[in-house]
Amino acid sequence: MANSERTNGLQETNQRYGPLQEQVPKVGNQAVGPIEIFRFADNLDIVLMTLGILASMINGATVPLMSLVLGEISDHLINGCLVQTNRTKYQNCSQTQEKLNEDIIVLTLYYIGIGAAALIFGYVQISFWVITAARQTTRIRKQFFHSILAQDISWFDGSDICELNTRMTGDINKLCDGIGDKIPLMFQNISGFSIGLVISLIKSWKLSLVVLSTSPLIMASSALCSRMIISLTSKELDAYSKAGAVAEEALSSIQTVTAFGAQEKEIQRYTQHLKDAKDAGIKRATASKLSLGAVYFFMNGAYGLAFWYGTSLIFGGEPGYTIGTILAVFFSVIHSSYCIGSVAPHLETFTVARGAAFNIFQVIDKKPNIDNFSTAGFVPECIEGNIEFKNVSFSYPSRPSAKVLKGLNLKIKAGETVALVGPSGSGKSTTVQLLQRLYDPEDGCITVDENDIRAQNVRHYREQIGVVRQEPVLFGTTIGNNIKFGREGVGEKEMEQAAREANAYDFIMAFPKKFNTLVGEKGAQMSGGQKQRIAIARALVRNPKILILDEATSALDTESESLVQTALEKASKGRTTIVVAHRLSTIRGADLIVTMKDGMVVEKGTHAELMAKQGLYYSLAMAQDIKKVDEQMESRTCSTAGNASYGSLCDVNSAKAPCTDQLEEAVHHQKTSLPEVSLLKIFKLSKSEWPFVVLGTLASALNGSVHPVFSIIFGKLVTMFEDKNKATLKQDAELYSMMLVVLGIVALVTYLMQGLFYGRAEENLAMRLRHSAFKAMLYQDMAWYDDKENNTGALTTTLAVDVAQIQGAATSRLGIVTQDVSNMSLSILISFIYGWEMTLLILSFAPVLAVTGMIQTAAMAGFANRDKQALKRAGKIATEAVENIRTVVSLTRERAFEQMYEETLQTQHRNALKRAHITGCCYAVSHAFVHFAHAAGFRFGAYLIQAGRMMPEGMFIVFTAIAYGAMAIGETLVWAPEYSKAKAGASHLFALLKNKPTINSCSQSGEKPDTCEGNLEFREVSFVYPCRPEVPVLQNMSLSIEKGKTVAFVGSSGCGKSTCVQLLQRFYDPMKGQVLLDGVDVKELNVQWLRSQTAIVSQEPVLFNCSIAENIAYGDNSRMVPLEEIKEVADAANIHSFIEGLPRKYNTLVGLRGVQLSGGQKQRLAIARALLRKPKILLLDEATSALDNESEKVVQQALDKARRGKTCLVVAHRLSTIQNADMIVVLQNGSIKEQGTHQELLRNGDTYFKLVAAH
């Protein structure tokens, strides 16, 4: 048997999925082209983008044109000043003070015209691009989700589903940032650079060429750093995707994580990927700032060279060179260099977006072999259900050399019920998957009514098939909607009828909200039996021509199993039904039983015929004692089996049900009324990184002083030409030129320091916040997870989006703001020193800018909150669909999920359109009023100079300083929306971190007894689930369990069996009464110690995306478990031989949720994991239900051996598995109806007797 198990298991795993190795996307310099990123723009988007670019280029020309006006004003003012102070020397000069006033007024009007252009085109460039970015991003989100849903199942076998969900949030957000308002700002700067360059060349090509001599160095350094940024960004995003995958896996399996005390292990897995992201992020930040610093260094060197050479030209007698010419060239070059520097952060955002787009577009461009949305193929008028497998051979795409099916030939007549049986790995599941056309055969064909299914329309064909799987999948909506997912356009009467046929109607109607009752995430609010019956109703409502049942009744309790089995048998009439069975007792009445082995049919016939042959089927049947079952069934009376007088064993209202309307409203209020978070509180988040933040802030402040100091040098340069001899002028030119070079060195060093210190601080903060948030999530109690707002999709979105918004605001954005504040403060101070009157006039425009900033900040904060909620809801829908893709595909409900996803995105899309206009208006006003302020300043400055109250030197210093200060204000306002988003994200993060769980799993308080014997007692326990306080689950239940005894809980679905187990694990605390362990209330015990004494094997085993050895070692997370010990428990669980037959043995990766393994293999790993824990209390919830016939007895024996000397609680539906229990407890209405041994209860002839008879 061991050899057979090893061979079959190896086939089931290797043949199906190939070598079990992790699918890790390769990382490199991967980014889409700068044009390709806009591939989802439609004609309107192209028009908007074109107009936006044109507007940004015109807007970019405003400052270079201003330099021309500045040059003219400079000549006029200098000449006017010379006329006024040297009247004797200039007595024959034609220029008079009146003429000067007229010229200044005309030039001021030019300034006002430039400001008006900036107002109009500034609004157009920003609003149009934000609009088109919102439109394209929404389209990309839809197309990305559509492409995922369109992929065939083989693609999902090789993809990390959790990473896909991370890309749907984090990567697309980065893409949106990169194609939004940063693009027109980049084009504005490019335009400013180009036009400034042209102006400088026209005014003085010699001087311009000297300045441009540094351009190759600038371009080379920028190109090198850009390549580094692309590569590092790709690595960073990849690491975050892997971290998101770990988080999603842990959060979606929180009960397993909590039960095994594995929170710290999951945190370590998560943190390891965060460390990789942090290392790449630090390098990326450093490279980005180094690039910016190099630009400023080379440009300042060019300025120094320009001034030195300019003075040489003037005093060398070159015609046409005046102070105005030099200033026009100089300011054009200055602005061009400023534009080059300003391009860098926007280019970085765009570069990051291109890297993110590569991953997104790669999925979008993937063409599936079987397109789930395809309209191709013919649609037959009707389907009878005649099925034939003609010489079908198949191997899974991931391992084409390993054949799973080898020339399978099988005919199934319409209306027949055919059962597929055989050991694990024989190809049963593969056969039904091929029939659903989840895969296509390599050789041969499958026909339905003599038509190759590949020639039929895939959606129409799948709509003719109903599937009920062993592990039912429900979606996080109402019971009614879950049933209606079975078929499009289902009416209320059809839904109710399907529920009746599935024996689900009564318990549904017992809920206060009936069919409108929410089932919770993954059906968490329903018991296993309730979930299965809803899934059966969903299949029946399809009215399928072909019905596939994969152990469809395995999760049902004893009372309803026979009723549902009867309903299924009735539903099978007139339909072709294929049953994949482990429990042969459920398929004795099949028209045809097909026994498979090694991908081929070895025998077929009726039950009686195959038993008579005494072949493989006979061996399987004998392993289950089916003969004994036959004899028992013959001795039972039909009246007992059919008697429904005993009714329901419990009020279904006691099932774990969703929250009431009032509670939902309270939860909604709580979510939408989060406290306001101040910027100071956000900054305090980075206090752990204070040395880096302080050094980075000092570097930013020093960097911010570069421009104000430059304004002083500039003013001195103007006065340098007033009545000075050549020798003095040459000395001054050399001095100021060297000072400009020094300023360039300061800029280089300070930018590099910002990258080093802020980069480290930002990535450390991001890692710490993600770590803290993930830890806070993992240590919440189960009641917190019952809240529908805390679903997996919403929580992973919080980790991916909120932290990203906070991290920059508290560190690198702080550096930019500090730099701008330093620039602005010093500029204003210098301006007051050199011309307080002119400064006051210009600053009178500041309130307009301040009000504009406040309006923008307030509006952005509101939009950020609404966007977050909308994206959370969208993330939940996407996560649910992708995680349960087989169910979605089988139900052909891809379009339904796509529609729900698109509807959710509409809120965010509408917000983006409103935000576009507000952002555009605020930017345009702030940008235009700078020009208006300049116009007023120059006119007033000319007046002050004429009045003798100010010198040209002071006016130019004030003008330059205020100009740089205004640019700093504008740059600060650009980042205002980022702070609004950060405040919104921080409010949610703080709420999470402050939420203290009622049951603190990480608490060190509580007793830790030296020994645990295992005596249990439920003393007058009453319990209601916190989210539904009006529905009692347990009512004054009292029960004593002696150490070492095996006690089984039986009863119908929802009567409190699982609740008892959860209370014992202290997932919840009773409302009244006590749960005692060795006479001590479990509330008094240390919760970690308590859970370390228990181990659970659930009906639906949860495995993690790591190796087999790591999954088994998950049973004991307090130590490093030796491999030998792992092998021992694997052998005890009858899984060791199978593992040893795998190429990588215990290092084999099991895939996401154990997808690389069969159900039986997963269950045996879960049993091994529980055995490793060496618990004093063993909790078994139908632990052998997923096992095939061949190994069920062996594993049951292993469990019988494992529970010796342990207190064992068994939650049972199949009564045959608990007949040897020391005590059987029958629950009804949340209390004990009767208890005793199997024989005692049979003699009583009460409820248990009737259950056995019905079974």
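Glycine is treated like the rest: Cβ placed from N, Cα and C.
The feature transmembrane segment is assigned by Swiss-Prot to 46-66 (among others), with sequence analysis given as support.
Among the features that Swiss-Prot reports, domain 'ABC transmembrane type-1 1' is placed at 51-351.
The feature N-linked glycosylation site is assigned by Swiss-Prot to N86 (among others).
Feature annotation from Swiss-Prot assigns N-linked glycosylation site to N92 (among others); the stated evidence is sequence analysis.
Taken from Swiss-Prot, the feature transmembrane segment covers 104-124 (among others), and the record attributes it to sequence analysis. Listed as Cβ neighbours of the transmembrane segment (104-124) (distance under 8 Å, sequence separation of 6 or more from its ends, same chain) are residues 51-52, 55-56, 58-59, 62, 65-66, 69, 72-73, 76-77, 920-921, 923-925, 927-932, 934-936, 938-939, 942.
The Cβ of N189 (N-linked glycosylation site) lies under 8 Å from the Cβ of G60, C339, I340, S342, V343, H346, each of which sits 6+ residues away along the same chain. Annotated N-linked glycosylation site per Swiss-Prot: N189 (among others), in sequence order.
Swiss-Prot lists 290-310 (among others) with the feature transmembrane segment.
When Cβ-Cβ distances below 8 Å are used as the criterion, the transmembrane segment (314-334) is approached by residues 64, 66-68, 70-75, 78, 196-197, 199-200, 203-204, 206-208, 211, 302-303, 306-307, 714, 718, 721, 726, 729-730 of the same chain, each at least six residues removed from its ends. Annotated transmembrane segment per Swiss-Prot: 314-334 (among others), in sequence order, evidence recorded as sequence analysis.
Marked as N-linked glycosylation site by Swiss-Prot: N372 (among others). In the three-state DSSP reading, N372 (N-linked glycosylation site) counts as coil.
If you look up Swiss-Prot, you'll see N391 (among others) marked as N-linked glycosylation site, on the strength of sequence analysis. Long-range neighbours of N391 (N-linked glycosylation site) (same chain, six or more residues apart, CB within less than 8 Å of its CB): G407, L408, N409, D443, G444.
The ATP binding site annotation in Swiss-Prot covers 422-429, 1051-1058 and is backed by sequence analysis. Under DSSP, G422 (ATP binding site) is assigned to coil, being neither helix nor strand in the three-state scheme.
The feature N-linked glycosylation site is assigned by Swiss-Prot to N643 (among others), with sequence analysis given as support.
Here the transmembrane segment (694-714) has long-range neighbours at 296, 330, 736, 739-740, 743, 746-747, 749-751, 753-754, 756-758, 761, 811, 814-816, 818-824, 826-827, 829-830, 956-957, 960-961, 963-965, 968, meaning same-chain residues at least 6 beyond its ends whose C-beta is under 8 angstroms from one of its own. According to Swiss-Prot, the transmembrane segment annotation covers 694-714 (among others).
Positions annotated as transmembrane segment by Swiss-Prot, on the basis of sequence analysis: 738-758 (among others). Sequence-distant neighbours of the transmembrane segment (738-758) (same chain, 6+ residues past either end, Cβ-Cβ under 8 Å): 285-290, 292-294, 296-301, 303-304, 307, 692-693, 695-696, 698-700, 702-703, 706, 709-710, 713, 811-812, 814-815.
Swiss-Prot lists N790 (among others) with the feature N-linked glycosylation site. The DSSP secondary structure for N790 (N-linked glycosylation site) is helix.
Within its own chain, the transmembrane segment (814-836) is flanked in space by residues 683, 686, 693, 696-697, 699-705, 707-709, 711-712, 715, 754, 758, 842-843, 941, 944, 950, 953-955, 957-958, 961-962, 964-965, 967-969, 971-972, 975, which lie at least six positions past its ends and keep a Cβ under 8 Å from the stretch. Per Swiss-Prot, transmembrane segment is recorded for 814-836 (among others).
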Of N372, N1036, N1105, N1229, which is closest to S424 (ATP binding site) if I measure between C-alpha atoms? They're all glycosylation sites. N1105
Candidate glycosylation sites N372, N790, N1105, N1229, pick with smallest Cα gap to G422 (ATP binding site): N1105
Hey, does DSSP put N1036 (N-linked glycosylation site) in a helix, a strand, or just coil? strand
Let me make sure I understand the structure: which of the recorded positions listed (N372, S426, N1036, N1105) has the fewest other Cβ atoms within 10 A of its Cβ? N1036
Select the closest residue to K1057 (ATP binding site) from the following glycosylation sites, measuring between CA atoms: N372, N790, N1036, N1105, N1229. N1229
Cβ neighbour count (10 Å, all chains) around N790 (N-linked glycosylation site) is 20
Considering only the glycosylation sites N372, N1036, N1229, which residue has the minimal Cα-Cα separation from K428 (ATP binding site)? N372
Note: among recorded positions S424, N1229, least Cβ-dense neighbourhood at 10 Å is N1229
When the Cα-Cα distance from N1105 (N-linked glycosylation site) is computed for each of the binding-site residues S426, G1051, C1055, which gives the smallest value? S426
Rounded to the nearest angstrom, how far is the Cα of C1055 (ATP binding site) from the Cα of N1229 (N-linked glycosylation site)? 6
Comparing the Cα of G1051 (ATP binding site) with the Cα atoms of the glycosylation sites N372, N790, N1036, the shortest distance belongs to N1036
If you run the three-state DSSP split on K428 (ATP binding site), which class comes out? helix
